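Shown next, in structure tokens, is the structure this report addresses.
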Amino acid sequence: MALDKLDLYVIIVLAVAVAAYFAKNQFLDQPQDTGFLSNDTAGGNSRDILETLKKNNKNTLLLFGSQTGTAEDYANKLSREIHSRFGLKTMVADFADYDWDNFGDIPNDILVFFIVATYGEGEPTDNADEFHTWLTDEADTLSTLRYTVFGLGNSTYEFYNAIGRKFDRLLEEKGGERFADYGEGDDGTGTLDEDFLTWKDNVFDTLKNDLNFEERELKYEPNVKLTERDDLTVDDSEVSLGEPNKKYIQSEEIDLTKGPFDHTHPYLAKISKTRELFASKERNCVHVEFDVSESNLKYTTGDHLAVWPSNSDENIAKFIKCFGLDDKINTVFELKALDSTYQIPFPNPITYGAVVRHHLEISGPVSRQFFLAIAGFAPDEETKKTFTRIGNDKQEFANKITRKKLNVADALLFASNGRPWSDVPFEFIIENVPHLQPRYYSISSSSLSEKQTINITAVVEVEEEADGRAVTGVVTNLLKNIEIEQNKTGEKPVVHYDLSGPRNKFNKFKLPVHVRRSNFKLPKNTTTPVILIGPGTGVAPLRGFVRERVQQVKNGVNVGKTVLFYGCRNEHDDFLYKQEWSEYASVLGENFEMFTAFSRQDPSKKVYVQDKIAENSKVVNDLLNEGAIIYVCGDASRMARDVQSTIAKIVAKHREIQEDKAVELVKSWKVQNRYQEDVW
């Protein structure tokens, strides 16, 4: 009988959890509107999707929901290949650029592709949020829609590919016809590109065999025409030298301190302070403070800061050598779209050097589909054969390219034995090399105590490969360069950057940034206890939470218990913000407790945060009984799963229930936002 009651209890809890989820988590502090998304349609097109399709005579629509640029890149590449192989008139569209009132009127002679990523805890990407709301709550019949969906996700997350699966289900439920099978890719297993290629091949088979489209010989057809401008130089004011957008080129005429600031328009923030938190032979970590006092850029504790990157001098030199662009660095060119729906990806006219430094992802891994696409431009027949062979062999590509972490230039020069690829059109490079995207960091400051300053905490990424190459993080090494220069440490950086920026706009020590809202928030009720779990830089937003509660106490506000579980390798080497925690404890008193785990301090015993959680299970259970909210930040692949498993075991033990029931109960807390994660 007791088990029957327990089953009923779990069912009730899950029902309440679902209700809480759709109530938009009213008991939590809601993120402020920071103006992340712009409502302006890129390229000046109508926001009427049906009108745009008809006006431009398109019969294939590819919609992307992208947070880091991968889904957008896939949509663009798929569009080009569908057009080239089958002659379909394709159009790539950002969800954020259109309204959806008449989406159900799209006729059945138009094929619609959805390339959508899942972000955070099963949420749509920022640009797909409005469409997600429309599809979920407002869409009626979609009986004339012919669609297919590819979802991008990470299986280390609880809600793996939730948005792709949801879109596919809802589109069918509302009457849509799936013309090709749903597909999904898993970044957690490192097979995202391969999963996409497999799905793409299946779609092409469907287009040929079921829809009877005739396949043509694949050839490169540019969407843009490049014209060099001999009448312009780098000294001309209209020429872009890497500015984020045209507003920055016209900066003397426009007030750049006013938002909204978003993924199309950042704020150029001064870096007021940097300091090294630790340094070791393997890695180091920097603390960076951005001054936003001269702008209307706002954030709330728990949000993310997007930092806009540029490429290192070393990777630029290698890329320039690879494509034989040495004598074109300062040459100005202009792009003209050959398709009225194609969006030029950066301001122009612009220089070759500015594109390579500020707009292309030249430091990241190269994909197999890029290998196959560029093979036709190989410098000789032997290299073409090598490229085609490697590109068509998944295992050989994995062994020779992926596992060695070769970027575009590394891979091309490796396959050609150092011969430059001078015949590759720069239009091809612009269309096929992914574009640089902002990198996102959990904010480690409190908007209550630091209203005009945004802090981030970043581990500087440098990996030494067997062949002597250094694989470096783009933004983290840029921040390290700034820390070295700002503090005049005399340290030699692994790679070097142009810190002055286009037209010296980044002097002294400025970078483009914007804020991305997050649901990772402290409870509205300040007396609610919280359990914070964050090893390594996962402690960053949790530091912000603790600082928030410290400020609340200073303001005379009552706060609940705050328990922090923190882990690092060694107490003396990489203990982040070590001196600060005792200061916070002196203010919070009995309402603050910290447990530390050191994984490499004792050679005979590795201790992780989940071990400390288990060791203090009574503390955890008592707080949960008092309504505590759990916050986990850090590695999704192992730590977050191990922590969740440990919490479930604690619940099972102290509440005397079966572990599978405890697992379901903990999952229900996630839906209620009683168990929140900010993981990567």
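In case you wondered, yes, glycine gets a Cβ from its N, Cα and C as well.
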Record-annotated FAD site (Swiss-Prot): member among W100, W134, W199, W680 besides R439, Y440, Y441, S442, T457, A458, V459, G473, V474, V475, T476: W680
Name the one residue among D255, D313, D498, D642 that Swiss-Prot lists for the same NADP(+) site as R283, T537, S599, R600, K606, V607, Y608, V609, Q610. D642
Based on Cα distances to G69 (FMN binding site), point out the closest of the binding-site residues V459, S599, Q610. V459
Could you check the binding-site residues R283, R439, K606 and say which one's CB has the most other CB atoms within 10 Å? R439
Within the domain 'Flavodoxin-like' (60-204), count helix residues (DSSP H, G, I), strand residues (E, B) and coil residues, in that order. 64 helix, 37 strand, 44 coil
In three-state DSSP terms, S599 (NADP(+) binding site) is classed as coil
Among the binding-site residues S66, G120, Y160, R283, K606, Q610, which ones place their C-alpha within 10 angstroms of the C-alpha of V459 (FAD binding site)? R283
For Q610 (NADP(+) binding site), nearby residues of its own chain (Cβ under 8 Å, 6 or more apart in sequence): M639, D642, V643, S645, T646
Please report the number of other Cβ atoms within 10 Å of the Cβ of S66 (FMN binding site). 24
One should report the C-alpha separation between Y160 (FMN binding site) and Y441 (FAD binding site), rounded to whole angstrom, as 21
Work through the binding-site residues one by one (A117, G120, N154, K606, Y608) and name whichever has its CA nearest to the CA of Y441 (FAD binding site). G120
